[in-house]
């Protein structure tokens, strides 16, 4: 699909320091993408927009930007990282300068932990040497073997150079389910008390998220020096999605497929989803993840 006409022209080359005018245009596009494609996530939208804008606008950052995105499957963590990549590089996740690691795919065996550490360091060092503004995305951090991610600690710290390479303009994004229970508890407390979810503040759960990830033995952040040394800039909660957010996802997917929005189908697909808690049925237990396959039933050519 062609990019919208309002988008500034991106090229898939290393964006060491974008021109201020061009990034101002891209900031507007980033905000539109977050507003029109990421639903029910007021905290994530605000933090991502401000963090990315401040970091890229800074010609001399003290350290790489590190974002840790937390929440249940289907709440938009992967989609948010995709939006970030697309707003920096034309190729998005397919760019030569965007690198995705999936724990269960790239680091499956605990017995190879030492090998994985060496490979990870070499891979990051090589790619940042080629492009200072490299983006690294680590998916399934909750399934990563404990201790592995600490191999990149020197690259995230406040060093001008590590073995002759500066990592200060790189971006690291971690995706995890760790802490999702805490996020749900806060969101449910707000709902039960009749308060709007938009009243939830980052301070209501950011510290709890870092503690949860640090103390979770099944998390790749278990007792990690990245958390202990405060090298993660933001722990970003992705709230569980409500019925109205599912309908937003469905409408956008219909439009992306070139169909007119049919509210009858929107309602029927949303009604097929399952919700929790069992009695109150407030939040979708799979977020928007299965919306796309359910739509296939109604548009089976």
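Backbone N, Cα and C atoms are what each Cβ position is placed from, and that goes for glycine too.
These come from TrEMBL:
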{"type": "BINDING", "residues": "71, 72, 73, 74, 75, 76, 77, 78", "note": "ATP binding site"}
{"type": "DOMAIN", "residues": "241-298", "note": "domain 'Torsin-1A C-terminal'"}
For this session: Calculate the per-residue pLDDT averaged over the domain 'Torsin-1A C-terminal' (241-298) and state the result as an integer.
Result: 94
For this session: Tally every other Cβ atom lying within 10 Å of the Cβ atom of residue 73 (ATP binding site).
Result: 15
Problem set entry | CB-centroid shell, 8 A cutoff, ATP site 71, 72, 73, 74, 75, 76, 77, 78, site residues removed | 79, 238, 287, 289
Exercise. Judged by the number of other CB atoms within 10 angstroms, which among 75, 78 is the least packed of the binding-site residues?
Worked result: 78
Exercise. In sequence order, which residues at least six apart in the same chain have a CB under 8 Å from the CB of residue 74 (ATP binding site)?
Worked result: 241, 284, 286, 287, 288, 289, 290
Exercise. Residue 72 (ATP binding site) has how many other Cβ neighbours within 10 Å of its own Cβ?
Worked result: 22
For this session: Might you list, by sequence position, any residue in that chain lying six or more from residue 71 (ATP binding site) with a Cβ less than 8 Å away from its Cβ?
Result: 77, 177, 179, 180, 183, 237, 238, 239, 240
Exercise. In the domain 'Torsin-1A C-terminal' (241-298), how many residues does DSSP call helix, how many strand, and how many coil?
Worked result: 32 helix, 5 strand, 21 coil
For this session: Restricting to the same chain and to sequence separations of six or more, state which residues have a Cβ under 8 Å from that of residue 76 (ATP binding site).
Result: 38, 39, 40, 41, 44, 238, 287, 288
